[in-house]
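Below: the structure, in structure tokens.
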Amino acid sequence: MEKKFFLSFLFLLPFFMILVIAESEEENPDDLIQLGVTRNKIMTAQYECYQKIMQDPVQQTEGIYCNRTWDGWLCWNDVAAGTESMQHCPDYFQDFDPSEKVTKICDQDGNWFRHPASNRTWTNYTQCNVNTHEKVKTALNLFYLTIIGHVLSIASLLISLGIFFYFKSLSCQRITLHKNLFFSFVCNSVITIIHLTAVANNQALVATNPVSCKVSQFIHLYLMGCNYFWMLCEGIYLHTLVVVAVFAEKQHLMWYYFLGWGFPLIPACIHAVARRLYYNDNCWISSDTQLLYIIHGPICAALLVNLFFLLNIVRVLITKLKVTHQAESNLYMKAVRATLILVPLLGIEFVLIPWRPEGKIAEEIYDYIINILMHYQGLLVSTIFCFFNGEVQAILRRNWNQYKIQFGNNFSHSDTLRSASYTVSTISDGTGYSHDCLSEHLNGKSIHDTDNVVIKPEKLYD
């Protein structure tokens, strides 16, 4: 026990000395926080390494080998002579890429490689930051691409919601589901922008790991679940309408509200409790944990169930069309087609995530594709469910035509008034007749009756 304490004290002493010196200097508070986090990580790794060195059994294999060691940043196991050991770069520093590799060579004599310039044992960390500049540039591009995607999504979704709320003739249960789906995407885009700009992009905040950023991540994951479960509600509604209720019109929407807004709370809460117990760090942002399957699992299940419902709906509708050729079946087929297009598009990123390719260019292309698929979903949903919707297009076209006719009639009415005024002034100057003569120029009607001449726009569509 005394030996362990002495070793720990001996190797931690330089870090405490550095800490005292650093505290005497004036530095940026954020830099001090990041520096403190880096020191804590190194000290923790060092302590765990020496614990491992003392507790692991002695090498029993025959032959020459290099002894286990701590190189200052990473811990290395016993390695056979003439081989190269490799592990991932540490995440101590912002310019280190944990996906890159660190190498350490054990020579033929069973000694760790020494650098010729210093004649000291040396570990090759050069690959950890060799591509940092390019990766930072790519990360910034992806960041701006994400923000643009969510801004466009919010704008298109709000326009769509405005259309649905303004035109009362569009009100029906399916449009109500659309409204909830759109609202969930708006909320998700807003919280994502806040989360990316205020939390994920603030290394000092992530390092301190406050409760506020964990709440932000919790809301973000909850709303992401709401997006997919409202898509499931769309599929269930159509399935009930077409397959179960045989074209019945009314359904109870309470269960849809529970599924769309209530059920995603369950995996979000379970994930929060698990992260609090096992991975309570980095504002719960780190993705190198299997706990994310608590969120992604139900989402994938919802996508699969939705796909099954939609395929079954298509089967039933095709059968009905062959037998009855009902126009109503054609209308349902159009609604199903829109949902059937969206389901694979909204879920394809969960299929692609495990298949990340190898290679710099391939990884960059993959990142851009995943980024677009994930962060432009709101724009895609509003485009397919609203802007490409035949009913919406028809009512917008009809109202636009009414506006043009009304504007044209108002313009003609203004010209009529100007013409009448000119005629009155001419007659007054020439003959001195009363203004009642104006009625002849208005086909026997007075000025106040001219509104009755205007064609009523709504009559055009009776």
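Just so you know, glycine gets a Cβ as well, placed from its N, Cα and C.
Per Swiss-Prot, LYS135 and ASN209 occupy the same side of the membrane [matching topological domain names]. Per Swiss-Prot, the residue annotated N-linked glycosylation site among ASN67, ASN410 is ASN67. Candidates considered were CYS49, CYS66, CYS128; Swiss-Prot assigns the disulfide partner of CYS89 as CYS128. Secondary structure at GLN251 (site 'Required for RAMP3 interaction'), taken from DSSP and collapsed to helix, strand or coil, is coil.
Summarised as a single figure, the pLDDT of the topological domain 'Extracellular' (200-210) averages 79. Sorting the topological domain 'Cytoplasmic' (166-176) by DSSP state (H, G, I as helix; E, B as strand; all else coil) yields 8 helix, 0 strand, 3 coil. For the recorded sites given as GLN203, GLN251, the lowest number of other CB atoms within 10 Å of the residue's CB is seen at GLN203.
Residue environment of CYS128 (disulfide bond) contains 23 other Cβ atoms, counted within 10 Å of its Cβ in all protein chains.
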